[in-house]
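Student: TrEMBL lists these features:
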REGION    1-21  region 'Disordered'
COMPBIAS  1-13  compositional bias 'Basic and acidic residues'
DOMAIN    41-90  domain 'PAS'
DOMAIN    115-167  domain 'PAC'
DOMAIN    171-234  domain 'PAS'
DOMAIN    366-419  domain 'PAC'
DOMAIN    420-491  domain 'PAS'
DOMAIN    495-547  domain 'PAC'
DOMAIN    626-678  domain 'PAC'
DOMAIN    675-720  domain 'PAS'
DOMAIN    747-801  domain 'PAC'
DOMAIN    802-845  domain 'PAS'
DOMAIN    871-927  domain 'PAC'
DOMAIN    950-1137  domain 'Histidine kinase'
Amino acid sequence: MAPEKAKGADSLHNRTQNNPVERQDIYGQQAHSTAASTAGQTDFIQSLIPDLIHQAIIVTDLEGTIIYWNKYASDIYGWSASEVMGNNVMALIPTDLSLEEGMAIMEQLQRGQSWTGQYQVKHKNGHHFLVHVHDSPFYNAQGAVAGIIGVSRDITEELKTKEFLHLQTNLLDNVEQAVLAADLQGIIFYSNRFAEELFGYQKNEFINQSVFEIFLTANGNRPLQEIMLLLQQNNSFTEEAVVKNKLGRAIEVVNVYSPIKDQQGTITGIIAVATNINEQVKERREKEFERINQQALINATTDLIWSVAADYTLITANQSFIARIQEYTGVTLQPGDKLLNETFYPADYLAFWKNIYDRGFKGERFSFELHVPATQHVAERWSEATINPIRNAEQQVIGIACYGRDITANKQAKKAIEESQERFRIMFEQAPLGIALIDSYTGHILQVNEKFASITGRTKDELKTIDWMTITHPDDIEPDLENMRRLNRKEIPGFTMQKRYIKPDGSIVWIQMSIVPIEHTANENPRHLCMIEDITQMKENLLQVELSNERFNLVAKATNDMVWDWDIVNDTVYRNEEQFCRMLKLPASMKNGTGSFWFSRIHPEDLPGLQNLLEKVKADAEQRVFEIEFRFLNGEDQYIHLLDRGYILRNGNGSPVRMIGSTQDITRQKEINSELEKLSRIARETQNGVIITDKNQRIEWVNEAFERISGYTLEEIKGKKPGKFLQGKATDTAQLAYMRSQLRKRVNFETELINYNKNGEPYWTHLQVQPIFDEQGNLQQFFSIQTDITTQKKAEEALIRSEEQYRYLFDNNPAPIFIWNVDDFSFAEVNETFLDVYGYTRSELDEITIKEIRPEEEVGDIVAFAKKVRTANTFQINRLWKHKTKKGTIIYMQVSSQKITYKNRIAVLAIAIDVTEKKMLEMKLEEERKQKEKEITHAVLTAQENEKEFIGRELHDNVNQILASARLFFGVSKRTLSEETIQKADELVGKAIREIRALCHSLIPPSFDVTNLSDGIEQIVAHIENETNIRFIKQYHDTDYSKLPQVMQLTIYRTVQEQLNNILKYAGAKNVTIQTTRADNELTLLIQDDGIGFDPAQKKKGVGFLNIQTRAAISNGTMELTSKPGEGCSLKLRFTL
């Protein structure tokens, strides 16, 4: 692959290309051969850098072209030497340095100054890591900077001390021997610090001289050809010489000449090392040189380095090792001490290290981790040690070299990461929101939590195989796509919208969706977090409230019940006054009496039932409606039968706060009331696999869930043992042995193991087994439940890999998230959304507690809440709280709280959803409902007044006139005693009686004890036929109405009664048709006359027609009215059965 160019690489390359003078000075003919010079310098550097310095050494010319690359550079950066030679280093290893920073470093190096620093680089395989770099210039024969030596190391993998780096980069300067390096012509291009001290020259003054002019032998200068011949024959040679320093003083030295060779073994230069043989200097030099050779490198690092002889004697050790032994044992070691001394060390310590050393003496090279627990005086430590055998020429092990590295920081960091991952796993999994990680380009779903899967009606595995458009309603795709395009173009930081998802069964779920982009690497597509909340119920609730209000209005118009509203929290009751007084015969001043008043008048035998109902309402958060009958002592000291029906309103915790209902006097109808149908229990099919075997473990029955999980049907496996087809190569044999043991013991047990489905695919299962015995204790069967936990296991395995993504969930979550300490109520951590919603800064939160965001009346609740958290082993709750922002604004928050351990303290992780708008809407709807209720009560009272007016008018205009005429005839008969007069008076009294009876019949609900409703209608028709000349045509088709609801029968009866009354009063009809038909699920009533008719557009519907229409609506029916002047009238009712 072609190396990628780094930032600033082109500019620096062009800068040297465009400077021909500089190139001529460095590579022109005035200097020696470019190839030879460069090769000699490269091989010299290679010769000076020992393999034990595990750092990357990269040498370049001033253009950045690589001329040397050691094996550790390959290890660190991934490129081999053959791939990099001749390439530009800045293009090969891109950094995060800016153009200006790169040019400043290059100018510093060109001035002859070194540079040390750290920056990010890119590996061959594309990943980025941090390196520590030390760049130094080296010079050509003319004294000009010819190139750069770079020493670098990967500091993301291991920590090395600054002293160790300093030792590596200045190793030659700490040796008291004069080191000069020259090319094939003997021209010096390198000198160390001691050469400058010995000869008195500055570094740049060496550059113009020949190495042979400095090292004069007894016979004068050796010819170059002789030197080269000696080097080729002997590889190196030594001679004494007298050298002159800059001041001309002669110094006696021993010169050692060695060749500089390239990788092919060709000599490319000469190294000359001069040792001052002055006796005092020699003695000091030998001692110092020995000390440097033995200790300089190993003492410069904080790692532990020591070597051991075959008799367990300490040969060498660095200061870090000696200090560590002293810290843990109190023993100060010296070379030559026994490492396994029974006097100083406990037996377990000796046994452990003897085993370690013996493995090394047997020739084994190995590494291991060592854990030292914390004590009162010593902190806990983790170390990684390597044991390496040392062999002689005959490959016999004569000792072992040991290396140890402190990895405590890595272990502690790993532990901290695991704790952090656990906190964010809880936040992700327990969040009340559905959360998914989605590729912003392809739309594919990468990760998803259970809440998201639950809302969309799919499994997590299924969702990972599709994109978000697959589950989105077609009408919502384009708006969503447009938002995604703007997000990918970075025009918006994120967005929120309401949309619809389509479930697999075709049903629709409404969601509130928030999209937040997350960071990604250059090699990844952009991704975003999708957070959703199911708002389907809220949408449906709004619709249901509207429908409920409409239905309630219709019911209230046609009922004579007492309507009531009980505010449980404030213990106040509203009852409509008119019905309270009429029904209960009690004064209006008592209509709003609460519990003690009401319960004191309930029959003692019925009171327990009512109390039990109230207890059930409080305990059962799912109960919404109730109905109960009881006897009540009215104002006349008589017990009447009442029927109470009500609806229960609950708060976010499921507690009842209000009950709304109506009370009906059912005293007269008690005999005909039927029992209410009881709710049938809904059988819920378990999602776990169930297996029942006989006592020999042969399958007798499995449920559908097991067939779905395993892929096997009951017919395929009946009579077989589960282990014969469910277990495979990945099934843990230890678990199988445990299961067999427990089965033999005939005891309950549970375990987790890998099973295989019919397709050979493995899946994890949690198995619970229960033996079944008969009354005599004989084993009959085994009952087992298998729960598929594959998803859980995969989630656990993927948790560490995905945890970095979930960190974004906390920082970018649209819901406020906060962690608070239970002991002092202080804030431990909050996200940015919390700061935005509540208006505080982080520094302000350090000065307040969780109590400050609560209204004063809820502070006691949060204190009690904290007490529950402290005492509970596990604690998780979702409830509604009132919170207070910095400005004092009260907001309603639905908070999901989870007990966690955060920084070694008991804390609560809380995720909040702002439901203030929803709460305000509910309160507004409740006010509207109360207003509607008052309007309904007024309408009911008005209807009653109209009914009273009708009765009074009928008695006055009809019955009263007949009675007055009868009285007149009786007065006449007193004087005349005429039989005719008495007969006339008797007829008038009889007529009055019949009128009163007819009026009573019209007011009293009919009793349908007959087989068909037509018999009830026939009673009305017969009465009219006897009193008028109207001819009735009656057509009843398939009308067996005995099983119709009582309310529907009464509605049909009242409709016939009301419409025939209208015909008698206004129509002047001669013929009337009454027809009932029934087809499928529809019942039709038709009443048609040939009277004078009317124009419905000009004449509004009266109370009679409105009553008919209202009654029909209550029974799920509709009314059609057709009439024209001179063409009669047609009234049709249709009921859906």
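For all residues, glycine too, the Cβ spot is worked out from N, Cα and C.
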Student: Give the one range among 420-491, 495-547, 626-678, 747-801, 802-845 whose Cβ atoms make the most pairs under 8 Å with those of the domain 'PAC' (871-927).
Tutor: 802-845
Student: Kindly state the mean pLDDT of the domain 'PAS' (802-845) in the predicted structure.
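Tutor: Computed over the domain 'PAS' (802-845), the mean pLDDT is 86 on the 0 to 100 scale.
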Student: Please figure out which one of 366-419, 626-678, 747-801, 802-845 racks up the most CB pairs under 8 Å against the domain 'PAC' (495-547).
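Tutor: Ranking 366-419, 626-678, 747-801, 802-845 by Cβ pairs under 8 Å to the domain 'PAC' (495-547) puts 802-845 first.
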Student: Quick one: find which recorded stretch in 366-419, 420-491, 626-678 has the most Cβ pairs under 8 Å with the domain 'PAS' (802-845).
Tutor: 420-491
Student: Which residue counts does DSSP give the domain 'PAC' (871-927) for helix, strand and coil?
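Tutor: Split by secondary structure, the domain 'PAC' (871-927) comes out as 13 helix, 32 strand, 12 coil.
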Student: If you run through the domain 'PAC' (747-801) with DSSP, how many residues end up as helix, strand and coil?
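Tutor: Secondary-structure breakdown of the domain 'PAC' (747-801): 12 helix, 30 strand, 13 coil.
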Student: By DSSP, what is the split of the domain 'PAC' (626-678) into helix, strand and coil residues?
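Tutor: The breakdown for the domain 'PAC' (626-678) reads 3 helix, 30 strand, 20 coil.
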